[in-house]
Amino acid sequence: MKFIVKLYPEIMMKSKSVRMRFTKMLETNIRNVLKKVDEEAKVQRLYDRILVKVPDNKPELGDAFAERLGCIPGIAHVVQVSEYAFDSIDHIYQQVLPKYRDEIAGKTFCVRVKRSGNHDFNSIEVERYVGGGLNQHTDALGVKLKNPDVTVNLEIDQDKLYMVERRIPGLGGFPMATQEDVLSLISGGFDSGVSSFQFIKKGARTHYCFFNLGGAQHEIGVKQVAYHLWKTYGESHKVRFVSVPFEPVVQEILERIDNGQMGVVLKRMMMRAATRIADKYGIQALVTGESLGQVSSQTLTNLNVIDRSTDLLILRPLIAMDKQDIINQSRVIGTEDFAKSIPEYCGVISQKPTVKAILSKVEKEELKFSEDLIDRVVDAAVVMDIRDIEAEMNQQVTETETVKDVASEEIVIDVRAPEEEERKPLVLDNVMVKTIPFFKLATQFADLDKSKTYLLYCDRGVMSKLQALYLIEQGYTNVKVYRP
Ligand SMILES: Nc1ncnc2c1ncn2[C@@H]1O[C@H](COP(=O)(O)OP(=O)(O)OP(=O)(O)O)[C@@H](O)[C@H]1O
């Protein structure tokens, strides 16, 4: 089984040298990703496309190859093909006939051919020859050029005939690492997951920077989002995950900064710390998930004041997007469930945040910070190779027991949000089910009878695991995850 990888049209429009460079990089990226599926994956670069071969003795890997190819930046689409040799136009027809005879019976069809190489026929002649033959010698309803029931897609390259078995949409964008690196400020919500993805897709190695405002639980969730994005779309290149303990900054903001300015000051402190980290690794741009007007403080005036805190380029790919479109995209890229399950954590909530921050006033407020504050938090930052998150997660998962069955003396806690719980209540025979939404669990768990064992439940097992990890971290040992 083979796949033909078609490059994104924007790459094809580039000059020959740039196109060659991009294609070579894409070839290497594909090889790096597919070797994780199977060491024997063969990747071969041609002028305008890349061929991928599934090992002959492992056809079952076809789906895994297709799935991975659909997530690699820089690919327009991929076709899965079967390959044949041929020596004449009639030989092509003779091989297509048995393959399509049953499929087109009782249906309309058309034949589409793409050809490269030297032949004594052109593509249209092949379409007519093969189409005419199929029309005469099968039970097809006839040829229909517009909206046929079946399209017989053929590709001819020199002496090879490829019959197209399926078409897999590609991600688009540019091959990874054709653009310079960025540092994405990730908080685990809908926005920063999508903004990170936009730059991965654009071919920028996307490193992650998380400011921990005081929750171990939040950090676990954010690491999971970053790992998911990297593993799914950016695995060809390793990146860093930097976690900055930001509690000292939050503390000083709460103690010293004027209430209305807190949000803008917090963001400016994040930009300053992120700039230090970016500088250390030679990264020239920061990425955020800020979107105009999404919260009342995300005004152009405030964003402008935030920008004045650093010389580094701040990129905001979602700036003009609607929230619903962002959520829809998070669903497509697989971060929606993570985002939903991450509790809204904000250590700095102004009663009345300013929408028109004034730079001089903000700068004056910031003089109240202790002098070495940024140095201290940046020095304390933990820098991880993103690949190590997997090992860390596996270790945490083994610490969280997951069970399928419930004993009658155990208690199930449904941690879903109230509206989800009301829509689809969890009812179990002979088992007590308590409902404590995830955002109340941390405060209410301590009041429960500690002689019992509690099994946390949610729809997808993400939130329940996060909450169980958190409770275990707090020293409760009688907690498991329930996955019926
Ligand atoms: N704790 C944090 N660590 C890293 N980046 C952060 C953090 N908090 C906010 N950011 C960055 O600032 C952006 C705007 O954050 P804000 O909290 O104002 O909006 P949000 O809608 O909650 O963002 P998100 O949906 O990404 O969580 C985020 O998208 C992210 O890029």
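Glycine residues also receive a Cβ, built from the backbone N, Cα and C atoms like all the rest.
Per TrEMBL, the candidate among K201, K202, K267, K280 that belongs to the ATP site alongside L185, I186, G289, Q298 is K267. Counting residue by residue with DSSP, the domain 'Rhodanese' (436-482) contains 22 helix, 8 strand, 17 coil. Taking the Cα atom of each, I186 (ATP binding site) and C458 (active site, cysteine persulfide intermediate) are about 24 angstrom apart. Taking the Cβ of I186 (ATP binding site) as centre and 10 Å as the limit, one finds 27 other Cβ atoms among all the protein chains shown.
Across the residues annotated as binding ATP (L185, I186, K267, G289, Q298), the two Cα atoms farthest apart lie 17 Å from each other. Each residue contributes its Cα atom, and for K267 (ATP binding site) and C458 (active site, cysteine persulfide intermediate) those atoms are 33 Å apart. Checking the recorded positions L185, G289, C458 against ligand 1, the ones whose Cβ sits under 6 Å from it are L185, G289.
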